[in-house]
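Input: a single structure, listed below in structure tokens.
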Amino acid sequence: MARKYVPHTTELCENSLKKFKSLVGTVDKLLIITGAGISTESGIPDYRSKDVGLYTKTALEPIYFQDFMKSKKCRQRYWSRSYLNWPRFAQALPNFNHYALSKWEAANKFHWLITQNVDGLHLKAGSKMITELHGNALQVKCTSCEYIETRQTYQDRLNYANPGFKEQFVSPGQQELDADTALPLGSEQGFKIPECLNCGGLMKTDVTLFGENLNTDKIKVCGKKVNECNGVLTLGTSLEVLSGYQIVNHAHMQNKPIFIVNIGPTRADQMATMKLDYRISDVLKEM
């Protein structure tokens, strides 16, 4: 199932791999930035990859923070889909890439890890020197009073509030919806969203939606790590989201080398000292 979400790539070139390894190896304070591509081998699709990305394969569009806060229909669409996809997401396990970076950390092979992912797989693999730039989807937070509960606890509340909803879309014997399946228009109508247990406010997965401000403390940490590092390695990100791109651009403006591993173009290709269009696991196995 995991391979379903991994984009097609070209055959490995041993000389390119050796050169890449040699160049990255000269950086003693390496800042690593990971994106959705590092988790595709765990069965979690990315967004923009040709033929397999969620935004390229389906009619799915990102939900904007302002719409989420203003529109009940938008919140119903967000939570109904999250409810149906949660079992698959919750069961996702770290893959070779996550464990490799955890081992790199233990061996002091890099300075810091910034992930744009919200799947928590780096933490599950044992990473500790990490900033989850866009939050963590394994918990849910009130937008009014900062009350927090686990995503699984909230799933239980969603399940209780919406008896029979899952059975409309998930076939008997099937535990969850395919990650790239779009719900029919209007199917979210009537979906009930439990309120905050503390103040009755709106509950939202503890992730940064499009149009939402990033956590200022995390921004400061990332800026500090860029200043401290002397090179950047990006893994599995197109850097289309501005927050990730700005980190790389910040390092580039300081004349620090940029190394990229991503299947397909990225926003920072022109900045790259060297780029490989290979599967991340194939590269990390050689490093």
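The backbone N, Cα and C atoms fix where each Cβ goes, glycine too.
Swiss-Prot annotations:
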type: DOMAIN; residues: 10-287; note: domain 'Deacetylase sirtuin-type'
type: BINDING; residues: 35-55, 116-119, 236-238, 262-264, Ile280; note: NAD(+) binding site
type: ACT_SITE; residues: His134; note: active site, proton acceptor
type: BINDING; residues: Cys142, Cys145, Cys196, Cys199; note: Zn(2+) binding site
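Everything Swiss-Prot records as a feature, shown here on the structure.
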residue: Gly35; record: NAD(+) binding site; DSSP class: coil
residue: Gly43; record: NAD(+) binding site; DSSP class: coil
residue: Asp119; record: NAD(+) binding site; DSSP class: coil
residue: His134; record: active site, proton acceptor; DSSP class: coil
residue: Cys142; record: Zn(2+) binding site; DSSP class: strand
residue: Cys196; record: Zn(2+) binding site; DSSP class: coil
residue: Asn262; record: NAD(+) binding site; DSSP class: coil
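Close to the recorded Zn(2+) site, the chain also has Thr143, Ser144, Glu146, Tyr147, Glu195, Leu197, Asn198, Gly200, Gly201, Met203: residues not among Cys142, Cys145, Cys196, Cys199 whose Cβ is within 8 Å of the site's Cβ mean position. Other C-beta atoms found within 10 angstroms of the C-beta of Gly35 (NAD(+) binding site) number 24, with every protein chain shown included. Within the same chain, the residues at least 6 positions away from Cys196 (Zn(2+) binding site) whose Cβ sits under 8 Å from its Cβ are Cys142, Ser144, Cys145, Tyr147, Leu202, Met203, listed in sequence order. Counting in whole angstrom, Asp119 (NAD(+) binding site) lies 27 from Cys199 (Zn(2+) binding site) by their C-alpha atoms. Long-range neighbours of Asn262 (NAD(+) binding site) (same chain, six or more residues apart, CB within less than 8 Å of its CB): Gly35, Gly37, Thr234, Leu235, Gly236, Thr237, Ser238, Lys275, Asp277.
Cβ crowding, taken as the number of other Cβ atoms within 10 Å, peaks at Cys142 among the binding-site residues Cys142, Cys145, Cys199. Cβ neighbour count for Asp119 (NAD(+) binding site): 23 (other Cβ atoms within 10 Å of its Cβ, all protein chains included).
Here the Cα atom of Ser39 (NAD(+) binding site) is found 35 Å from that of Cys199 (Zn(2+) binding site).
There are 19 other CB atoms within 10 A of the CB of Gly43 (NAD(+) binding site), with all protein chains counted.
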